[in-house]
There are 2 protein chains.
Amino acid sequence: MKVIFLGTSGAIPTLSRNLPSVAIQRDGEILLFDCGEYTQIQLIKANLRIGRIENIFISHLHGDHVTGLPGILMLLNHAARERPINIYGPPGIKQYIFTTKKILNFFAGYEINVKEISEKTILAEVKGEDYSVKFFLLEHTTFTLGFVFEENDKPGILDVEKTRALGVPEGPLLKRLKNGEDIKLEDGKIVYSKDVVGESIKGRKIVYAVDTRPAKSVAEISAGADLLIHDGMFAEELADEANLRGHSTVMQASEIGKNAEVKKLALTHISPRYADPRLLIEEAKSVFQNSYIAYDLMEIEIPYKKGFEGSRVQGLK
Amino acid sequence: MKVIFLGTSGAIPTLSRNLPSVAIQRDGEILLFDCGEYTQIQLIKANLRIGRIENIFISHLHGDHVTGLPGILMLLNHAARERPINIYGPPGIKQYIFTTKKILNFFAGYEINVKEISEKTILAEVKGEDYSVKFFLLEHTTFTLGFVFEENDKPGILDVEKTRALGVPEGPLLKRLKNGEDIKLEDGKIVYSKDVVGESIKGRKIVYAVDTRPAKSVAEISAGADLLIHDGMFAEELADEANLRGHSTVMQASEIGKNAEVKKLALTHISPRYADPRLLIEEAKSVFQNSYIAYDLMEIEIPYKKGFEGSRVQGLK
């Protein structure tokens with residue numbers, strides 16, 4: 001699984017940074033987070049097939065995060081899409097999509113499923129085949145959603161040599177052991193799952209928090225995440241402006257990443273004033289070594305964690 | 001004066017061709033024709049200052065011609081625009097702009113003057129300081145406007161040596177001569193304007209006809225134009241598809257350019273299937289040597305005509 005930054009500028013694009021969009025690429029599926037103008041071409045540049053997009057998440061209805069969406073929907077039609085596409089965003093996203101579709105009179109030979117997430121429905125959950133995406137509230141100048149992508153944990157590997165040695169017959173008992181169940185053999189002997197099944201493989205977790213001021217909600221929700229993607233629009237000297245405009249400095253964001261003990265922190269929505277990002281990199285790294293200033297088409301591989309002992313995995317055992 | 005092609009693809013963008021937009025750059029002013037997604041960045045790439053745009057013309061409400069407009073309007077605000085911007089387009093353009101503005105809640109610290117041109121108001125005329133833009137109907141699959149940009153003719157140069165020799169005193173009489181008036185001197189002698197004023201300098205004319213099937217209206221209106229910018233989406237083998245989808249082949253367009261005796265013909269709205277434009281170039285040139293297949297950031301200088309004897313200039317004399 002990797003994360004690709006399709007656009008890393010904030011508010012206005014520059015020659016080197018396009019407007020916000022991030023893709024998560026998994027086996028055969030792409031999830032898209034925000035969709036600034038020109039995202040359709042950035043997808044091509046990143047070698048991501050538009051047909052693989054199943055779910056699009058829009059954080060908020062500011063133009064820089066959403067003006068690329070109509071183009072994506074038109075492109076899907078040109079690509080002869082037949083499967084539905086799912087779009088999740090704040091209240092108003094439906095009106096934006098369907099009013100634009102009506103005025104520009106574009107045809108979509110596929111269903112556009114739009115689900116508005118409001119404060120009332122913030123606990124909704126998007127279920128993929130082996131992952132979920134949850135929503136939470138960010139602190140921006142308008143209603144803005146954060147997203148938590150989390151894979152389901154995978155059961156550990158069954159040690160077949162051990163089960164044979166313990167006299168477990170081939171068949172359904174092995175599956176029960178693999179699923180964490182302790183079993184009783186015909187001779188009354190009990191075989192404990194934990195003795196024959198390796199450690200569960202902890203699902204990976206990515207948090208998307210753009211645009212936002214430094215927020216407790218992000219710090220709490222990001223605990224132990226493999227990757228936190230966070231608003232890092234300004235250097236520290238513009239902390240007041242960041243606060244006024246509902247953004248974060250890279251130091252504020254790095255503080256959150258550090259305290260949440262995330263594996264990596266990627267800072268994005270970079271103000272166009274930082275054509276040279278060195279100041280931002282220095283400030284971010286001075287707080288948290290695992291901070292990175294994102295750039296367009298940057299890719300981050302997300303490896304599996306090892307040696308995880310979180311409660312849900314314990315429960316599975 | 002030059003014409004810059006900001007986007008030359010049709011329907012969907014490619015890595016080398018962006019969505020339709022053409023700029024006319026004159027002393028201190030830019031006119032923009034259509035505004036596909038990413039036009040704001042193409043303006044930067046072409047070194048065109050967004051603050052110089054006074055008039056934007058939208059041909060029709062298909063997404064590829066207009067999805068870059070909200071971004072331009074937001075960028076104008078970031079650039080601290082205070083003067084109004086004028087936008088001309090088909091019925092529905094007002095709704096597109098102001099609905100988008102409302103849903104995306106973007107602020108504009110300047111006035112957005114939108115004028116819808118319908119069949120009823122097709123004879124409207126936009127007056128610049130020394131030019132006009134007129135509208136006419138194209139033949140596409142939806143209501144689509146063509147545009148005729150035309151400079152006012154400039155009076156010829158007054159030959160001061162000749163006026164002295166003829167005894168014309170310095171002062172207002174010279175201005176009257178320059179403006180084409182014949183004058184009577186105090187001694188009763190008549191001085192004819194045509195004897196002391198050089199030939200008028202004919203204003204330059206550019207016609208924008210995208211998207212359209214080959215249309216009589218274009219052929220008539222383009223007569224003698226310095227530049228005709230015309231839909232050239234397909235090669236001849238796809239003439240049926242061109243007709244079905246309301247477009248032209250490059251040969252059809254070249255036929256029009258040739259018959260209208262335009263100085264140059266620039267073909268644009270190129271189908272993404274022609275990554276290599278050589279076939280298009282060959283076909284176009286086989287009909288009309290002054291045909292060009294536009295490419296992104298292509299610039300065409302428009303020189304003044306010489307030796308013009310058109311009726312309106314005669315009238316000025």
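Cβ atoms here come from the backbone N, Cα and C positions, even for glycine.
Nobody curates TrEMBL annotations by hand; they come from automatic prediction.
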Of B:Asp182, B:Asp187, B:Asp195, B:Asp211, the one that TrEMBL places in the same Zn(2+) 1 site as B:His60, B:His62, B:His140 is B:Asp211
CA pair B:His60 (Zn(2+) 1 binding site) / B:His269 (Zn(2+) 2 binding site), Å rounded to integer, equals 14
Candidates B:His62, B:Asp64, B:His140 (recorded positions); nearest Cα to B:His269 (Zn(2+) 2 binding site) turns out to be B:Asp64
Per the under 8 Å Cβ criterion, the binding-site residues B:His60, B:His62, B:His65, B:His140, B:Asp211, B:His269 that neighbour chain A are B:His62
Cβ neighbour count (10 Å, all chains) around B:His140 (Zn(2+) 1 binding site) is 22
Three-class DSSP assignment, B:His60 (Zn(2+) 1 binding site), comes back as coil
Surrounding the recorded Zn(2+) 2 site, with Cβ no more than 8 Å from the Cβ centroid of B:Asp64, B:His65, B:Asp211, B:His269 and those residues left out, we find B:Gly10, B:Ala11, B:Leu19, B:Pro20, B:Asp34, B:Gly36, B:Ser59, B:His60, B:His62, B:Val210, B:Asp231
